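The annotation transmembrane segment is assigned in TrEMBL to 6-27, 68-92, 98-118, 125-149, 164-185, 190-211, 297-318, 325-347, 353-371, 392-416, 422-440. The domain 'Major facilitator superfamily (MFS) profile' annotation in TrEMBL covers 9-446.
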Amino acid sequence: EVTGLLVLSVFTAVLGSLQFGYGLGVINAPQEVIENHYGRVLNIAQNETMVGNLTQATKPPKHRSVTVYWTLSVSIFCIGGMFSSFFIGYLADKLGRLKAMLVVNIFAIVGALLMGLAKMGPSHIFIIAGRAITGIYCGISTGLVPMYIGEISPTSLRGALGTMHQLAIVTGILLSQVLGLDFLLGNDRLWPVILGLSGLPAILQTILLPFCPESPRYLYIKLGREEAAKKIYQPHLPSPMPEESLSAHRTHVGHLTPTISVDVYDLTSDMCLNHEIALIFYYSTAIFKQARLTQPVYATIGVGVVNIIFTMISVFLVEHAGRRSLYITGLAGMCCCAVVMTVGLVFQHSFTWMSYLSMSAIFFFVAFFEIGPGPIPWFIVAELFSQGARPAAITIAGFCNWTCNFIVGMCFPYIAELCGPYVFIIFALLLFGFTLFTYFKVPETKGKTFEQIVQGFRCKKSSSQPLKASATELEYLGTTEA
């Protein structure tokens, strides 16, 4: 049963995901007009040439200062996310999932104000500062949202509701692409508006969060407030057996205090479950230009539409086909598409139709990504770890995600220049490795409670090895089974 409060809670939470997606895509559409504005602010003169009796302005090569400030404007977003991701677990346990989301909205609103008011001051400084602060918000929000949704969702709907995080992200990306069109907000007059609009989801979320319940699992396991947790389960959140849903915790709560938690050091040194999966999503506008599309920006928007369509398909499939099978299918499909893309790029000058093959491979690459590798990693991390280890696990996953995004974003142009059309072979090899890893190491979590998942996925420890004082729920349950 899906209750109104559950719908409201999930919708409110994924507003943070919407803002993350919007922040990812919003800086790209008005790139040229923002760079031109940087040039004017920095007093960089425009080259002019004489054509007959007329003086025409020609498009000069980008000045080095403009390039540096623009690169920093883009990359500072990931740097902010990398830094703040370290605090996901601390804030989630210190303030609770709900209050933490409420507090970090301050960063989103301040960042949006700085970018929206960029024309009123040194625009390059305002935008870089705003992007950094927004990145700090997104780094924390992308960990809190899947954690909160996973903990308030009933087992039968946890996967479908967890996918809403990714659906909101791709919706935000598409929204930023559409609003960034020249005739809408992506022009020299209105570009600050499109940047400032990134704060609207945070404002709406701030208004709605007080009407949402705190995570019952957090209330009981972290704070020991069993009655408060039961009141949220019944009748507000769909849990047909609220008493049984807490019984697993009562079994060992006398031995492990409700406030047990595991920090990042404990997790990395005491657990063998911290596997890193880095997923790379790329498509190139240059391929669309090679296919002789007069408006490649619309092809890019088409990719955004494919994003949303196949994420919605994943919402319906994840509870039927299972996380593991969708994940493997998506990774294997992306691997094949990367190979096809390479073939198309290598032979595009020999055969005209090869550019269309590459373009088709991009769309299929996106489709396979959104079927499994796009949405599933966000919430499966919360499923694979026990309540005590979950915040630390999501902290590590978030840091790996942001770090890989930053490294790939900074290094890809140089790797592409070095490898030429064979650059996607690197991705194909990585994806093949991820597929094998998932097949042999990642368990299916569909239809299982958190307790069942951690019991089945526990570390294999020798019977002679004593439990450490910082034992997690996972390890405790593994040594006390009858």
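Glycine is treated like the rest: Cβ placed from N, Cα and C.
Bear in mind that TrEMBL entries carry predicted annotations, made automatically and left uncurated.
A quick note: this is a predicted structure, and the numbers were derived from the prediction, not measured.
Three or more CB pairs closer than 8 A are found between the transmembrane segment (190-211) and the transmembrane segment (6-27), so contact between the two stretches is assigned (pairs 6 or more residues apart). Counted over residue pairs separated by six or more positions, the transmembrane segment (125-149) shares at least 3 Cβ pairs under 8 angstroms with the transmembrane segment (68-92), which defines the two as touching.
Taken together, the residues of the domain 'Major facilitator superfamily (MFS) profile' (9-446) have an average pLDDT of 78. Within the chain carrying the transmembrane segment (6-27), a Cβ under 8 angstroms from the stretch's Cβ atoms is held by residues 34, 73-74, 77, 101, 108, 131, 134-135, 137-138, 141-142, 144-145, 148-149, 152-153, 161, 164-177, 179-180, 194-195, 197-199, 201-202, 204-205, 208-209, 211-213, 236-238, 304, all 6 or more beyond its ends. The stretch with the most CB contacts under 8 Å to the transmembrane segment (325-347), chosen from 68-92, 297-318, 422-440, is 422-440. Same-chain residues lying 6+ beyond the ends of the transmembrane segment (68-92) with a Cβ under 8 Å from its Cβ atoms: 23-24, 27, 31, 34-35, 38, 42, 62, 100, 103-104, 124, 127-128, 131-140, 142-144, 147, 218, 263-264, 391-392, 394-395, 398-399, 401-403, 405-406, 409-410.
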